[in-house]
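Engineer: Okay, so TrEMBL annotates it like this:
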- A:126-504: domain 'Myotubularin phosphatase' (DOMAIN)
- A:Asn275, A:Ile276, A:Cys338, A:Ser339, A:Asp340, A:Gly341, A:Trp342, A:Asp343, A:Arg344: substrate binding site (BINDING)
- A:307-351: domain 'Tyrosine specific protein phosphatases' (DOMAIN)
- A:Cys338: active site, phosphocysteine intermediate (ACT_SITE)
- A:521-551: coiled coil (COILED)
- A:554-660: region 'Disordered' (REGION)
- A:566-596: compositional bias 'Polar residues' (COMPBIAS)
- A:641-653: compositional bias 'Basic and acidic residues' (COMPBIAS)
Amino acid sequence: MEHIRTPKVENVRLVDRVSPKKAALGTLYLTATHVIFVENSPDTRKETWILHSQISTIEKQATTATGCPLLIRCKNFQIIQLIIPQERDCHDVYISLIRLARPVKYEELYCFSFNPMLDKEEREQGWVLIDLSEEYKRMGLPNHYWQLSDVNRDYRVCDSYPTELYVPKSATAHIIVGSSKFRSRRRFPVLSYYYKDNHASICRSSQPLSGFSARCLEDEQMLQAIRKANPGSDFVYVVDTRPKLNAMANRAAGKGYENEDNYSNIKFQFIGIENIHVMRNSLQKMLEVCELKSPSMSDFLWGLENSGWLRHIKAIMDAGIFIAKAVSEEGASVLVHCSDGWDRTAQVCSVASLLLDPHYRTLKGFMVLIEKDWISFGHKFNHRYGNLDGDPKEISPVIDQFIECVWQLMEQFPCAFEFNERFLIHIQHHIYSCQFGNFLCNSQKERRELKIQERTYSLWAHLWKNRADYLNPLFRADHSQTQGTLHLPTTPCNFMYKFWSGMYNRFEKGMQPRQSVTDYLMAVKEETQQLEEELEALEERLEKIQNVQLNCTKVKSKQSEPSKHSGFSTSDNSIANTPQDYSGNMKSFPSRSPSQGDEDSALILTQDNLKSSDPDLSANSDQESGVEDLSCRSPSGGEHAPSEDSGKDRDSDEAVFLTA
Amino acid sequence: MEFAELIKTPRVDNVVLHRPFYPAVEGTLCLTGHHLILSSRQDNTEELWLLHSNIDAIDKRFVGSVGTIIIKCKDFRIIQLDIPGMEECLNIASSIEALSTLDSITLMYPFFYRPMFEVIEDGWHSFLPEQGFELCSSATSEWRLSYVNKEFAVCPSYPPIVTVPKSIDDEALRKVATFRHGGRFPVLSYYHKKNGMVIMRSGQPLTGTNGRRCKEDEKLINATLRAGKRGYIIDTRSLNVAQQTRAKGGGFEQEAHYPQWRRIHKSIERYHILQESLIKLVEACNDQTHNMDRWLSKLEASNWLTHIKEILTTACLAAQCIDREGASILIHGTEGTDSTLQVTSLAQIILEPRSRTIRGFEALIEREWLQAGHPFQQRCAQSAYCNTKQKWEAPVFLLFLDCVWQILRQFPCSFEFNENFLIMLFEHAYASQFGTFLGNNESERCKLKLQQKTMSLWSWVNQPSELSKFTNPLFEANNLVIWPSVAPQSLPLWEGIFLRWNRSSKYLDEAYEEMVNIIEYNKELQAKVNILRRQLAELETEDGMQESP
C-alpha cells in the first residue's frame, strides 16, 4: 500500500485507559485495512484490531521521556493510546493513518476487500433478505388509496429518492412532478408508513420552496391527495421537525414551511429538533465527558447536562411520540419534513413507526425499518459518517441518535423488542466500519452505480445468521408489550432518558454491569429447549419400555448418561491476586483497585461476555488457588473474522477507588 | 394519654382520595390511633390504609368549603384528600399532625400490632451475636466474646456482647472505652476467612488538642495485627474535619503512637448535609414541569449520587485493603455510628458472599446496624418532606441501601434478594408495624422491652410466603469478591425508590414477571426430566433383574 510509510513498529506501548501507568508492550502493524497491535507477552499475544474506517481522529501528543504518544479516537467510541519510542516512527504512523483513515475512493473501503468466504449465491441471497416490496405489501399496499409510482424510474424526478415509491392514488404524475419542483432537492411528499388499522399514514418530504409568499398548486394538491387517502380524517398534520426560528430563516433563502392559509385542511406544527451541526457538537461534548479520567459525579452530570445530548434525544422522541399519537389516536395522516428531509425526518419517521408497529421491533423488522427510512430514502451515510474523506461539517451522529432512541425505548419496555442492546451496538459499529456495503454512498442511485450488491456483502444477512446473539430473552410474540402501539406516559418525563454507558463507554467494560441478565436468561432458555427435547425423548422411551414390559418381552435398553445441569454462570471468574508494594508511604498505596480485566475473547463485538470478578492477569499475577472457576456459557456463534472486532485486547478496567 | 383525645373527627364521608397511578376515589375517611383509612363507598373496600407514622408532612388548603389535605409520606409518596367541610378538614389535619408526631415510642404502632400470621421463627432470636462469632471462631482463636458491656455501662450504644482480641481483657477494654467517642472501643466487625484479615470499627479517639494517648488503645489495635504486618485506619472524615474535632476533645490516631498503622482520610458527608441532599433529590424527582437540562442540573445539585460514590469508594477501598493488600483495617469517623457502619457493611457485601444472601443480609443489618448502635429512631424520624429540620435526622441507612442496590445492579446474579427487599427495608426503617427499627441502640431496645412487646420484622419477612417476593430469580451463588465500578457512568439514580411514585412500573414489572416465568419453567422441566430419568432407571434395573438368571 502506497500510503503506508512504515508497516511495522516494535516496542510500542498500548496504554491502559483506566490506569495509565499500566501499558502493554508490543508491536504495531499497519495494513491496508487495519491497525493491529500485538502484545509481546508470550502467554497472551493479545491482539487489538482497529479498522481504518473506525478512526475518527488521530492526535499526536507532546513527546515525553518514554516516547511519542499517539491518541486514536474511534467512531465506535473506542479510544486507543499508543506510545511509540521513536519520534520518526510516530510521525510515519501518524501520517499514514491520517491518509488511511480518510479514503478518497469507495474502492479503498474495507467492504471491497472483505471476504467472508461465501459463494456468489449466498451473497445474493444475503442481499434479498430484506425486501422493501415485501414490506409495503405487509403494510397492505398497494390498496384503494395508495399506489406504487414509477415516476422516479431511473431517478428522473429525485436522485436521492428510491425508484420504488408509494403515493396517493389521486396524485397524478403531473402533480408529483409539480410538487417536486416546489420542494428542496425535489424530495416531494411520499409514503413512509401506512397504518392499516385506520388508513392514516406517515409521509415524508423536504421543505417547500415557499420563501415569503410563493405557492405551488401541485404541491397543495399533493397534500390534498394525502388527506384524501385517509378517509377517516378531514385534515393532515404537517410536522416541521425544525425549530421555528430555523424554518423562518430558511424563508429568506426561498425555502421555508407550509403556509396554513394556502393549504386546505392542514394542521401545521413545529417540533424543534436541532440541526446536524448542533448535534455534532453535542456528541462531541458528551464524549469529552465520557473521556474524563476519574471524573467526579458533578463533573459527569454537569458535563452531561451541558452537552445537551439527552435534551436532543428527548426532542426526537417527543416528535416520534407526537406523530405516533396523531396516527393511532387521532387517525390523522402526518407529513413530516425538515430541511432536506433526510436527517431529522428519517429519525422521526422511524421512531414513530417503531412506536406504532410491533413488526419494527423484531429483528428482521428493524432491519427493514433502517433499510426503508434511512437507506432507501437517501440518508447521506457517506457524508454523515465520513466514510470517504469529505466536508467535516457534513458529519453528524444522526442515526446514532435514532439507535439511542431505540435503546431508551428498550429500557422502558423491556419485553417489547425481539432484539437486545448488542444488536444496536453492532449496527452502530457497522455503520462506520464499511465492512458491509449496506451503508455506503449517499443514495440508492449511487449504490446502484457502484454495483454494491455485486461487489460487497450485506450486513443484514450477517446479523441474521448470528441472530442467536441478538435475541432479547424477555421477548415473547404473544406478550402484551409486543402487541400494537407502545404507549408512553403523557406527562413529561425527563428522567426517562438516561445516559447510555453501554454505548458510549462500551470499551470500558468495568463500567458496565459485570453480569449480564440477557446472557443469563438466554442460557436458561437454551437449556430449557434442551430439556424439552430430552423430556420428549424420555417420555417416548418410558412408554416404549412400559409397553414392552406389559408384553412381558425382554428388551434391553440402554440408559443414556443423564446430562448434568449445572448452574448458569454469567461470569467467568477467577480472582488473581496481585500483591502490591506495601511501603510505608501513604501515597504508595496502590492507586489501582482490584481490576476486572477481561481476558476477553477475540469477540468483543459478538461476545460481550460479561464477567463478574475478572482477574487482573498482569504478567506476574499469582493465581489464587482454590477459587471456583465458574465456567462461562458464552453466547453461541461468535464471529471470528478479525475484521469484526475492533479490540482483541483484554479490556482491563480498574475503578480507581483512591483519588489522588 | 388516649388516642381519642387526639382524634377530633374520627370519620368523614364523601372524601375524595387522589394518589399516584389510581383514579380518584370517593369514600369514607376514618382515623384510628395509628392509621388513616379510606374505604370507598361502592363495596366498602379499603382503598387506603396508611400508618400515621409514615406521614412526613401535610399541607392543607381550601377552595370554598372543600378542604384539601396533601399528605407527604416518608416513602416519598404524595396523596391528596379532598374533604368537604372546613371544620372537618381542619380537625382531620390537626389529628393527623398530632398522631404522626407522637412523642412516646411506646405509643407507636408496633406496641399495638398483633400479627395475623403464625410466627414460625421468632425473629428476635434469629441473629444472636454468639452465632455470628461462631463463624469467626471456627477459623481462628485470636478473638473472644466479651460481656464487658453487659449492663451497657461501658458503652451505651454497644450491645451487651462484642467481639474483641483474645489478648485484651475486659479491664483494658474499659480503659479504651474512656479514650473513644461514646465509649465505642474498637470491636471486630468482620473476619475475612480467606486471609485472616479483619475489619474493626470504633468511635474517634479522644486525643484532644494536647495529643492525649492511651496505651491500652494502642495495644488493643496492635493485637489485631499479625507479626510484622501493618494495618490501615480509614477515617471517614477529611483530614481537615478530623483536625477540627480535636478542639472538641476528639481527634485521630497520631502516626507516632500507632506506627504500624497507616491512616487514610476519606470524606463521607453526615447529618443535615445528607438530609438536605435527600430533600433536594426528592424535590427534583417530583418536579415534572422542568425540561431535560433542569432535571440533570437538579439531580447534580442534590449531590445524592456524589454521596453514593463517596461511600461506595470508601467501602471498596476498605475491601481492597483486606482482600488485595492483606491488611487489617480499623474504620471510624466521629461517633462511629453512621458513615463507619456504611463502610463496614458495604465492605462485607463486597467481600463476603454470605452477606449477599437473604439470611446473611438480615444478619448484616442486625449486626452492623442495629447491634452496632445506628440511631434509627433519630435518623429516620423524618424523611424528605420534613419542615422541622433536626440535626440528627439523616438518610444514612437509605444511602447504604442505595449503595447495595448499585452493587446489585452491577452484579444482578450475585444476590439472593431483589430490589423489593431493599425497598421493603427502607419502608420499615421509617414506618413499621414491627419493633425492629425502634430505638437508637440495644440498650434502649432492652429498656423498651421490644422483644416482649413487639414483633420482629424478621419473623414476618422470613416466612416462605413473604420471602418469595424478595427472592432474586437470577441468583447463583458467587463465592468471589465482587468489585463494583464507582465511575459516575456506573452509578445511576435508583429509580425503584425515587421515581417509584412518579412513573408507572408496569412494563418493568411485566419484564420481571417474564424473567421469573422463564426460570420457573426451566426448573419445572428439570424436575420433570429428573423424575422420568429415575423412573426409567428403575424400570431398566427391573428389566435387568428379570433378565439375570
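Any Cβ shown, glycine's included, is placed from N, Cα and C.
Remember, it's a predicted structure, so these values are computed and weren't measured experimentally.
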Engineer: Same-chain Cβ contacts of the domain 'Tyrosine specific protein phosphatases' (A:307-351) under 8 Å, 6 or more residues past its ends?
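Structural biologist: Counting only partners 6 or more residues beyond its ends, the domain 'Tyrosine specific protein phosphatases' (A:307-351) has Cβ contacts under 8 Å with 160, 183-185, 187, 189, 192-193, 195, 197-207, 223, 226-227, 229-230, 232-233, 235-242, 246, 250, 255, 266-267, 269, 271-276, 278-279, 282-283, 285-286, 288-289, 360, 369-370, 373-374, 377-380, 384, 396, 398-399, 401-402, 404-405, 408-409, 485-486, 488, 494, 497-499.
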Engineer: Helix, strand, coil residue numbers for the domain 'Tyrosine specific protein phosphatases' (A:307-351) per DSSP?
Structural biologist: 29 helix, 5 strand, 11 coil
Engineer: How many other Cβ atoms are found within 10 Å of the Cβ atom of A:Arg344 (substrate binding site), counting all protein chains shown?
Structural biologist: 28
Engineer: Using all protein chains in view, find how many other C-beta atoms are within 10 Å of the C-beta of A:Trp342 (substrate binding site).
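Structural biologist: Cβ-Cβ neighbours of A:Trp342 (substrate binding site) within 10 Å number 26.
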Engineer: Can you tell me how many other Cβ atoms are located within 10 Å of the Cβ belonging to A:Asp340 (substrate binding site)?
Structural biologist: 19
Engineer: If you count other Cβ atoms within 10 Å of each one's Cβ, which of the binding-site residues A:Asn275, A:Cys338 has the most?
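Structural biologist: Comparing the binding-site residues A:Asn275, A:Cys338, the most crowded Cβ belongs to A:Cys338.
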Engineer: Other than A:Asn275, A:Ile276, A:Cys338, A:Ser339, A:Asp340, A:Gly341, A:Trp342, A:Asp343, A:Arg344 themselves, what residues in this chain have Cβ atoms within 8 Å of the centroid of the substrate site's Cβ atoms?
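Structural biologist: Going along the sequence, the neighbours appear as A:Ser206, A:Thr241, A:Arg242, A:Thr345.
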Engineer: Let me make sure I understand the span of the substrate site: among A:Asn275, A:Ile276, A:Cys338, A:Ser339, A:Asp340, A:Gly341, A:Trp342, A:Asp343, A:Arg344, what is the greatest distance between any two Cα atoms, in Å?
Structural biologist: 12
Engineer: Tell me, roughly as an integer, the mean pLDDT over the coiled coil (A:521-551).
Structural biologist: 90
